[in-house]
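Visitor: Take this structure, written in structure tokens, and hold onto it; I'll ask about it next.
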Amino acid sequence: MDLISTFSLHFLLLACSLPPGAVSLRTALRKSGKVGPPLDIKLGALNCTAFSIQWKTPKRSGSSIIGYTVFYSEVGSDKSLRERSHNVPVGQDTLITEEVIGDLKPGTEYQVSVAAYSQTGKGRLSFPRHVTTLSQDSCLPPAAPQQPHVLVVSDSEVALSWRPGENEGSAPIQSYSVEFIRPDFDKSWTIIQERLQMDSMVIKGLDPDTNYQFAVKAMNAHGFSPRSWPSNTVRTLGPGEAGSGHYGPGYITNPGVSEDDDGSEDELDLDVSFEEVKPLPATKVGNKKFSVESKKTSVSNSVMGSRLAQPTSASLHETTVAIPPTPAQRKGKNSVAMMSRLFDMSCDETLCSADSFCVNDYAWGGSRCHCNLGKGGEACSEDIFIQYPQFFGHSYVTFEPLKNSYQAFQVTLEFRAEAEDGLLLYCGESEHGRGDFMSLALIRRSLHFRFNCGTGIAIIISETKIKLGAWHTVTLYRDGLNGMLQLNNGTPVTGQSQGQYSKITFRTPLYLGGAPSAYWLVRATGTNRGFQGCVQSLSVNGKKIDMRPWPLGKALNGADVGECSSGICDEASCIHGGTCAAIKADSYICLCPLGFRGRHCEDAFALTIPQFRESLRSYAATPWPLEPQHYLSFTEFEITFRPDSGDGVLLYSYDTGSKDFLSINMAAGHVEFRFDCGSGTGVLRSEAPLTLGQWHDLRVSRTAKNGILQVDKQKVVEGMAEGGFTQIKCNTDIFIGGVPNYDDVKKNSGILHPFSGSIQKIILNDRTIHVKHDFTSGVNVENAAHPCVGAPCAHGGSCRPRKEGYECDCPLGFEGLNCQKECGNHCLNTIIEAIEIPQFIGRSYLTYDNPNILKRVSGSRSNAFMRFKTTAKDGLLLWRGDSPMRPNSDFISLGLRDGALIFSYNLGSGVASIMVNGSFSDGRWHRVKAVRDGQSGKITVDDYGARTGKSPGLMRQLNINGALYVGGMKEIALHTNRQYLRGLVGCISHFTLSTDYHISLVEDAVDGKNINTCGAK
């Protein structure tokens, strides 16, 4: 017996026991103290599986209420089986009670009532109310994040970053969880960190020399996404490889050095122990402890215990400290000031704002709050886009330790100094200059390059001093004990370290512009001050380092870093829709839209032969001519181009929701064709490098996952994409010569730089991409130096580039090299016969749209007669069909293919092809008659006799709406489905339809191209 039945029986017995004349049952119930129903009940669906309910305390609650019960059941179900209850205890002095009922079915209606309980039993039920949980599609979890990118930092650390998936589901993403697996050891995934509220992190405590894969899940209010595609397998560094330095400010160590320490090397203390007093979030897995650092969290050393919190109302007393004046910084109009705030207390007592961290300042006493990399402003609350870092004397940026540099390295740095002293570079075995290290510092405007292989310091000093406010380039080179410093391509200065050790152990990050422990580096580097000024470029061992914050660039962390180009565009005046972009720390360019050029996009021009320049960040874009499904299994590009540099993207398109892409690049002088069907990348590379400054013909194609590449007359290269997928879908434009954002390209696309050079022809699946009509967007695309740019073709003729030269396609009525001669009915008016005999040159055609002509090349019957001569084995004589052709489109054609004369037609149910073999390309006149009656066809050529054929299927009518072409047609390969690749090379003297309808070839034509007079040449 349930609770309700028990109370019902109790009150029924009470009523029956009353003597005659006693009060009524209702009065008895009231006097018994039965509690009334809860009041003001409110219901609301929370999600797919839960609803919320709220009510007020009943009015008549003479006895104290000890609890409530919520009764709920699915509407329309068997109540005795489906009704469920949920008990709710009473809080102290609570007039309004709220509760959440979960574990429900999505999109289901529920009936809900509430009853209160007192010491005397259950009160009366509230009036039933209804609520419906949200439908399933309203409660979707996020899509799986994109495949994470992993960077190995050391033998026990990796840096991880990822991007959200295609959609965030039915609610915003709240957090991520990160998992790992060791493919060589583990069979299941291990969770490292849950509820991570950023898209990058650093994982510490990994096993050295071990393979790892990482995956990410996203979570919103409705649950977790599927696991992302696992990262590529990475291997942590081995003990003999680059040092195991930590990452970011958390790498700062307890100095353990008193202020009177002489900084000399202690042979017993060469291996520094790195310790963090304030531990990062950690998760224990077995006996292994993994610590996690996010890019948004910075930690001080053990003496500098950072408190990353907002200042309280009892604000700290800020002390004015006498700091030596620094030269005026070159800031843009809207640059963000870097506020490194100095306090008169240690980090143990200092409170720093969010996005900042505390470091004890041993030089001036007290402590400083430093802004994290990418943050600035007085409260470190402003975002800073860093490309050319600016340093203020207390700033620094960290990169991964120098790799493969223990024996030799080369570093090139371009900088502009605003103060005479400061540390530019440091990397070593310890944070404080003990043991092995290398450094570059400014000391009284001279550059000091120092390194120590473990038995003595080499000091190499530039012979000339730098000029403050001017740009300088310095190159450092070391091989074993020997070092070299070269400033501004001047005479190199050399030196040698002491002792016999010739290798350097690099464990710390590579610091640029300063170091968190610069105070302790004075003995090693010669200065305890940070650099003041800007850095424009940094190269290590011949590779340019992207100084943007990771994961876009290689900068792992930093403090109080500004952007040198900030405000550079404030005074720029880019017109005609141009936008400003910094290309150096102190200069900008205008990104001019198509059709404009110049310093400020002030010059309008007609784009003819596009010229792309890497220095101008050029690119153009054109949509795919047809829907993506037309290119799923087959794509072919023919490109004629002239490269001016050995690297750059020629063409690129991709799919935003998958791994699909295709790209054509210049790479080290070769052409690379890359494509991915979603299961692996295929890479085809030309056998020989291309000659720069010359025109080249390129053809690439892919059928399913098989690719072909051919450049000029080089050997054809074939290759195959990995995996089992065979289709490519690209939903973006086709980008030519560059892309708008190089951070968004697929990682295996090989796209690194814009193309420098010219492109004069692009044909996609036989369809020409026209520069004037098909380019829809782009920036800084100019005209190449080419004859077509000068519009040499007169009378409306169009210039067709042919590498260094050109050809003119002349309109009907004009001929000559530049369409300068008027012809047609007037050019040879002394020879009447010549007017009627047009000459075709392979890219010529005549077009007819007269209804009296068209009706004779359609319907149930057709009869055509021609007299022609030609010197080519291939060429189209006649064509009428749908444009563009579709599968089983109606058409009728007559032409030469490989020397044979072929009459073809399709009535909608299959193609009929009737062939006559012979020597028809002998330059002599030939007569051909093609007749069709329903499905049956016949062709007669000279005296060769008739050949007959029949089209398959049941269709008997030729239904066509297009024009009639004679001698060729526009984009012939495209519109004939590659049945013909060129027009007639020769002449046509007679053309008759329906046995007696004679057509004047030139006079009756509505349009034509490249028609000369037969016999004139």
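In case you wondered, yes, glycine gets a Cβ from its N, Cα and C as well.
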Visitor: Which residue, chosen from Asn47, Asn917, is annotated N-linked glycosylation site in Swiss-Prot?
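Guide: Record lookup in Swiss-Prot returns N-linked glycosylation site for Asn47.
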Visitor: In Swiss-Prot's disulfide listing, Cys369 is paired with one of Cys347, Cys352, Cys427. Which one?
Guide: Cys352
Visitor: If you pull up Swiss-Prot, which of Cys788, Cys808 shows a disulphide to Cys793?
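Guide: Checking Swiss-Prot: disulfide partner of Cys793 resolves to Cys808.
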Visitor: Cα distance, Cys819 (disulfide bond) to Cys380 (disulfide bond), nearest Å?
Guide: 68
Visitor: Round to a whole number and give the Cα-to-Cα distance in Å for the pair Cys580 (disulfide bond) and Cys819 (disulfide bond).
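Guide: If we compare the Cα positions of Cys580 (disulfide bond) and Cys819 (disulfide bond), the gap is 43 Å.
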Visitor: Measure from the CA atom of Cys369 (disulfide bond) to the CA atom of Cys788 (disulfide bond) and give the result in Å, rounded to a whole number.
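Guide: Between the alpha carbons of Cys788 (disulfide bond) and Cys369 (disulfide bond) there are 62 Å.
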Visitor: Taking only C-alpha atoms and a 10 A limit, tell me which of Cys793, Cys808, Cys987 are near Cys819 (disulfide bond). These are the disulfide-bonded residues.
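Guide: Passing the 10 Å Cα cut: Cys793, Cys808.
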Visitor: Given the disulfide-bonded residues Cys347, Cys534, Cys574, Cys799, Cys810, which one's Cα is the least distant from that of Cys369 (disulfide bond)?
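Guide: Sorting the disulfide-bonded residues by distance from Cys369 (disulfide bond), the top entry is Cys347.
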Visitor: Quiz question: given the disulfide-bonded residues Cys352, Cys371, Cys808, Cys1014, which has the greatest number of C-beta atoms lying within 10 angstroms of its own C-beta?
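Guide: Counting every other Cβ within 10 Å of each candidate, the maximum falls on Cys371.
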Visitor: For the domain 'EGF-like 2' (565-602), what does DSSP give as the number of helix, strand and coil residues?
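Guide: Secondary-structure composition of the domain 'EGF-like 2' (565-602): 0 helix, 14 strand, 24 coil.
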Visitor: Measuring CA to CA, name the entry from the disulfide-bonded residues Cys352, Cys371, Cys534, Cys793 that ends up nearest Cys1014 (disulfide bond).
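Guide: The answer is Cys793.
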